[in-house]
Structures are given as C-alpha cells and as structure tokens.
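Notes follow the structure.
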Amino acid sequence: MMAIRHISYLLAIALVTVLSACNSGGSTNVAEGGIGGTGITTSGQITAFGSIWVNGIEFETDSASIFVEGTEEFGDDQDHLDECMVVTVVGTVNADGVSGTADVVRFADEMEGTVDANNVAASNTLTVMSQTVTVTASTCFEDDSGASIASLADIPVNAVVEVSGFSDGQGNIVATRVEVKAGAWTGEELELKGVVDNLNTGAETFEIGALIIDYSSADLSELGATPLTNGLYVEVESESAIVGGVMDADEVELEDEDGEWGHDGDDGEEYELEGVINTIINSEQIEVNGQLVDISESPDYEGAISVICLPERL
C-alpha cells in the first residue's frame with residue numbers, strides 16, 4: 001500500500017473542534033469536497049440521489065457500470081443502492097468541482113452477520129460477530145426483516161444485520177448504514193471482511209478483530225496463488241452458527257481483488273476519501289480507513305494534528 005501524494009479530499013475540517021467531539025461519544029465531523037477537470041476515484045457515503053451524490057459531487061450514472069459485492073449485473077440500475085451506503089466511484093469531475101460522470105460505482109458492505117449485543121442506548125455500539133460497530137446520529141437505519149423493529153436501539157440479539165461504513169479492518173466499524181435483514185438468524189450466509197491477524201497454520205485459524213476464523217474446512221480456491229498470511233485483506237463466508245466466538249468458514253477469498261488493505265494508487269492520482277482516522281503515524285502521515293495518507297504537502301486543514309482523538313471521522 002502506498003501513500004497518495006495528492007488527496008483531492010483536502011481534509012477540510014476544523015480540527016480545533018475535535019476535542020469536544022472526543023467527550024461527546026456521538027459527534028462526527030464529515031468533510032465533503034472535490035477538485036475539478038480531471039479523472040478521479042472517490043470513496044464515501046451516498047448522500048443523495050437524482051444521479052448519485054458522493055463527497056459533495058453529483059455524478060451522472062447513465063452510462064456507469066454498477067457493481068454490488070463484486071458482481072456487475074445491474075448495469076446503470078441504482079435500485080440496489082441506498083443512501084448512506086459507502087461506495088467507490090471512478091469517473092471524471094467537471095471544472096465546477098461539484099458535478100461529474102461516473103464510469104464505475106462499486107458497493108460492498110463491511111459485514112452481514114448476527115448481533116451479539118446491543119448497547120446503542122448506553123454506548124452507541126452494536127457487537128456483531130465479535131466486531132464493534134459504532135453508530136452515530138447520522139447512521140441510517142432500515143428494517144427489511146418484517147419484524148417491525150423501530151430503531152437501532154431495538155435490534156434484538158441474534159438479528160441479522162448488514163453494515164456499511166468505515167472499517168479499520170481489525171474489528172472496529174463506524175456505521176453509516178445498518179439494515180436489519182432478519183429478526184433472527186435461521187441459517188442465512190454470514191460474511192465478514194477484514195485483515196487476517198494471528199494466523200495459526202497448525203490449528204488452521206486466524207482472527208478478524210475478536211472473531212476467530214476456523215478455516216480448516218474452508219474453500220480457499222479464490223485466494224489463487226496468494227498464500228494466506230497476516231495482513232491479507234479477505235472476505236470470510238459461513239452458513240454455520242458462530243459458537244464461542246468461533247466462525248467455521250465455508251470460504252475465504254481475497255477482497256479488493258489483490259487482498260491489499262487500502263487504495264493502491266499512483267503518485268499524482270486524484271483520490272478523494274471520506275472515513276475514519278485509525279492511526280496518527282506522525283505529523284505528516286495519518287491512516288484513514290486503513291489507507292496511508294501523506295499530509296505533508298500543504299493539505300487544507302485547520303488546527304493541530306495532535307488534538308485528534310481516535311477514531312475520528314472525516
């Protein structure tokens with residue numbers, strides 16, 4: 001993974017307000033911006049339709065290819081997209097900086113799994129398959145289960161939810177959208193994306209966040225020639241109940257085609273990013289959604305990097 005030297009997103013937030021957000025538990029700072037007249041890759045949540053609005057730019061999608069979970073079967077049909085889903089758009093931006101044309105729109109959720117605990121009322125968190133999902137006042141909620149679940153705080157334990165948002169790949173997700181797929185798990189496929197950690201080739205297990213993945217019976221063919229190693233970005237699928245914090249995987253496959261966490265771009269590439277600061281590496285580098293961002297070359301931000309509390313959403 002390489003640093004993107006020119007981030008069109010510009011980190012345009014007032015960092016001096018972050019200290020109050022550290023203590024509030026539910027505040028977010030969301031930046032939107034763009035740069036005109038060039039090709040661009042932009043990653044962020046959908047804020048409106050008409051065409052599709054992402055990071056303050058309205059993209060025409062009449063000729064776009066829309067991929068959902070890696071499958072292109074919808075042409076330019078937006079019916080499979082919803083507000084607050086985090087998508088990646090590849091296209092061009094006009095000179096006005098606020099309109100453009102999408103060539104490709106990609107959506108992939110962070111997980112679809114069972115709720116272990118609901119602490120939304122107390123701490124704005126759900127625990128889903130041993131992952132910590134933080135919800136905010138701006139998290140979109142949809143009940144598609146038929147179980148008449150009224151709000152995030154009412155989601156029952158063992159409900160199946162689809163989560164879209166910003167992940168650090170290590171078990172922590174800030175949710176932009178939570179959809180209840182079923183009021184209780186009855187054998188539906190579970191899926192989780194994340195970075196392989198604590199790989200034990202003898203026991204044939206690894207971890208994503210606090211969830212132990214047993215891959216002893218899993219199909220690994222989708223890994224191709226890529227060996228299963230710590231740091232690999234994968235998607236795990238299972239149709240078995242999670243017992244004792246262990247998922248018996250049916251399949252492990254590479255995520256983002258190459259299994260690399262973050263956007264692997266070229267020097268000078270226009271790349272716009274909305275997300276959560278996971279790590280402050282030093283005064284010139286931060287990590288956003290697992291993406292290394294070099295902010296040494298005159299970024300547009302206010303305040304000192306040292307006052308950011310983690311995780312902080314941009």
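Each position is counted from 1, following the chain as shown.
Using N, Cα and C of the backbone, Cβ positions are placed for all residues, glycine too.
Keep in mind that TrEMBL annotations are predicted by a computer and have not been checked by a curator.
Taken from TrEMBL, the feature domain 'DUF5666' covers 44-98, 112-179. Annotation source TrEMBL lists signal peptide at 1-21.
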Original post:
Tally of helix, strand and coil residues over the domain 'DUF5666' (44-98) according to DSSP?
Top reply: 0 helix, 27 strand, 28 coil
**OP:** Determine how many residues of the domain 'DUF5666' (112-179) DSSP places in helix, in strand and in coil.
**Re:** 7 helix, 36 strand, 25 coil
**OP:** Summarise the model's confidence over the domain 'DUF5666' (112-179) as a mean pLDDT value.
**Re:** 96
